Amino acid sequence: MTKILFTDKLDSCVERWRSAGMTVIGPVQRANSSVYDAVKSASELDLNLVLTDRSIKELFFPQSEPMLRYAITKAEINTDEFLPPSGPRIIFGARACDASGLAIDDPLFGWDYKDEYWFQRRNESVIVTIACTKADEFCMCTSLKLSPDSTKGSDILLRPLENNKGWQVEELTDRGREAFKSVADLLQEGSDPAAATVTVPEKFNADACAEWLKNPENFESRFWKEISARCIGCGSCTYLCPTCHCFDIQDEGGSFEGIRRKNWDSCSFALFTMHTSGHNPRSTQSARWRQRIMHKFNYFPGKFSANSCSGCGRCTRECPVDMGITETLQEISKLSQ
Amino acid sequence: MTENNHNAAQNIYKPATMKIVDRRDEAPGVRTMKLEFQDPADHELFKETYRTGMFGLYGVYGEGESTFCVASPETRKEYIECTFRESGRVTSALARADIGDLVTFRGPYGNRFPLEEFYGKNLLFIAGGIALPPTRSVIWSCLDQREKFGKVTIVYGARTVADLVYKHELEEWMQRDDVELVLAVDPGGESPDWKHRIGFVPTVLEEAAPSPDNCVAVLCGPPIMIKFTLISLKKLGFDESNVYTTLENRMKCGLGKCGRCNVGSIYVCKEGPVFTAEEVSRMPAADL
């Protein structure tokens with residue numbers, strides 16, 4: 001017997017969580033894309049998507065985050081700090097790749113200096129992940145040593161029932177247990193079998209790629225130019241990526257008052273590393289693509305013991321010129337044989 | 001990891017407010033400012049953490065923040081001195097600011113020169129152009145505890161006489177009998193009354209021929225000067241592991257998060273900005 005949440009009870013759960021003061025968030029369809037967003041009832045949730053178009057990252061690290069409002073006089077600088085809107089949240093229906101992505105970035109936002117904008121949201125969010133029973137050709141979690149039912153970064157893992165009538169509930173963390181205590185009476189003990197998680201074929205050998213990337217001789221390989229020749233540097237892959245964390249800090253307003261914001265930035269852009277002198281350490285698109293791959297699969301794991309990639313495949317799925325991490329790592333896998 | 005451990009509840013992106021208490025034009029377009037903390041808590045934190053070699057982000061609200069070194073030594077923490085060339089949006093705004101105006105500072109960040117390892121050794125400082133300020137921070141940190149070090153030699157060169165910065169301190173070092181100062185300007189950059197060397201830094205350095213025995217070198221300058229000076233140092237018998245330099249890269253956070261200042265796997269903001277020439281030689285040259 002396992003705890004089961006039946007689909008017809010989900011709306012009551014949403015209501016229960018909402019009346020307890022939690023913001024309920026889940027995958028929904030918006031005008032042009034599917035995103036994770038706040039809902040008022042379970043009927044708004046779209047739980048049949050392979051994956052939302054946009055990743056879960058923006059719930060923790062928004063595209064544009066106001067940090068300080070400044071007002072300046074000759075005698076003083078007044079600043080008001082913006083802190084992230086506080087309050088408990090439950091994210092229902094995350095995918096394992098998205099939840100893993102958050103856990104991958106935790107050490108980055110925490111090393112030495114703790115980014116409260118990230119951690120306040122992390123500490124107030126319960127992540128309820130639904131194991132995948134379908135995938136598409138772009139999914140690649142298994143190539144990153146994750147899986148459609150990875151528990152990394154999740155507080156609750158739900159396994160869809162074979163009969164499609166609900167989910168088996170696996171409580172993973174205290175935070176998850178706490179959130180599900182409030183709906184305990186809406187869950188039932190049952191023996192309905194879980195549906196098999198989808199099989200995601202392995203697309204490349206991550207270990208072999210890591211070895212190849214670590215070899216200093218390959219830093220200036222012709223490979224980088226060839227593989228990135230059609231990159232237009234639009235930055236879509238970085239914005240859609242659940243683990244890409246690069247940002248810019250910009251002041252919006254005038255000399256006397258305005259707002260300092262932290263905005264998403266992208267290593268795909270030439271201005272990203274441009275010095276005032278005009279010197280640019282990564283002046284070509286191929287150098288920038290190399291940086292993106294090296295960062296995710298060599299530098300980041302060197303520092304934080306995990307690839308900066310959870311295999312969601314959005315970079316490839318949405319790339320306007322049909323590039324992406326998959327193709328590059330597949331080619332590197334071949335080169336490293 | 002750095003020695004900084006900021007309190008967890010703090011907003012790490014919030015800068016300290018600084019008042020400009022003095023300023024000085026060093027060379028065309030180059031200015032030094034003396035900044036005083038307005039909040040004693042910010043000042044305390046600076047006093048606890050600042051060591052020579054660390055950098056900061058200097059800012060003007062409405063324009064942004066710009067990264068450069070702290071030019072004042074770790075032996076003088078009552079204020080911060082910074083020297084910058086007016087070249088971009090932020091430095092232009094800093095240059096417009098007057099005595100009494102308020103600007104911002106975030107830091108100090110990064111690693112430092114390991115001064116304790118320099119105790120008892122001869123010191124060779126080599127700087128080119130506007131790279132004297134970071135070197136000057138180390139120079140004064142050592143001169144303020146002069147007895148702990150051996151012979152001190154400073155080789156400083158600029159394109160023209162007008163481009164030499166900290167002219168009043170050059171004068172002071174010139175007068176001291178416990179400092180050997182070698183000044184140079186590039187050929188063509190001399191004035192009619194120039195009494196010092198004429199030549200590029202690497203050449204002048206080779207002529208001065210300081211001994212590598214029990215000596216550490218601190219080298220700061222534009223990349224082209226660093227490249228050729230390293231060759232000269234090698235000729236003089238210096239080991240790359242005894243040559244220290246600082247790297248500069250574009251930064252937004254200074255805290256290891258915004259993702260742009262890395263050279264290969266090395267984050268300049270956290271693992272640098274101070275490196276030995278040996279460490280730099282192991283970095284991918286194409287990423288510098």
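Placement of Cβ uses the backbone N, Cα and C atoms for every residue, glycine included.
Given the structure is predicted, the values throughout are model-derived calculations rather than measurements.
Here the domain 'FAD-binding FR-type' (B:13-115) is broken down by DSSP into helix, strand and coil counts: 19 helix, 46 strand, 38 coil. Look at TrEMBL and you will find B:13-115 tagged as domain 'FAD-binding FR-type'.
Residues near B:Cys258 ([2Fe-2S] cluster binding site) in space but far in sequence (CB under 8 A, at least 6 apart, same chain), listed by position: B:Met251, B:Lys252. As annotated by TrEMBL, [2Fe-2S] cluster binding site applies to B:Cys253, B:Cys258, B:Cys261, B:Cys269.
The Cβ centroid of B:Cys253, B:Cys258, B:Cys261, B:Cys269 marks the [2Fe-2S] cluster site; residues of that chain outside this set whose Cβ lies within 8 Å of it are B:Met251, B:Lys252, B:Gly254, B:Leu255, B:Gly256, B:Lys257, B:Gly259, B:Arg260, B:Tyr267, B:Val268, given in sequence order.
Sequence-distant neighbours of B:Cys253 ([2Fe-2S] cluster binding site) (same chain, 6+ residues apart, CB-CB distance under 8 A): B:Tyr13, B:Cys269. Residues within less than 8 Å, Cβ to Cβ, of B:Cys261 ([2Fe-2S] cluster binding site) and separated from it by at least 6 positions along the same chain comprise B:Asn249, B:Arg250, B:Met251, B:Tyr267, B:Val268, B:Cys269.
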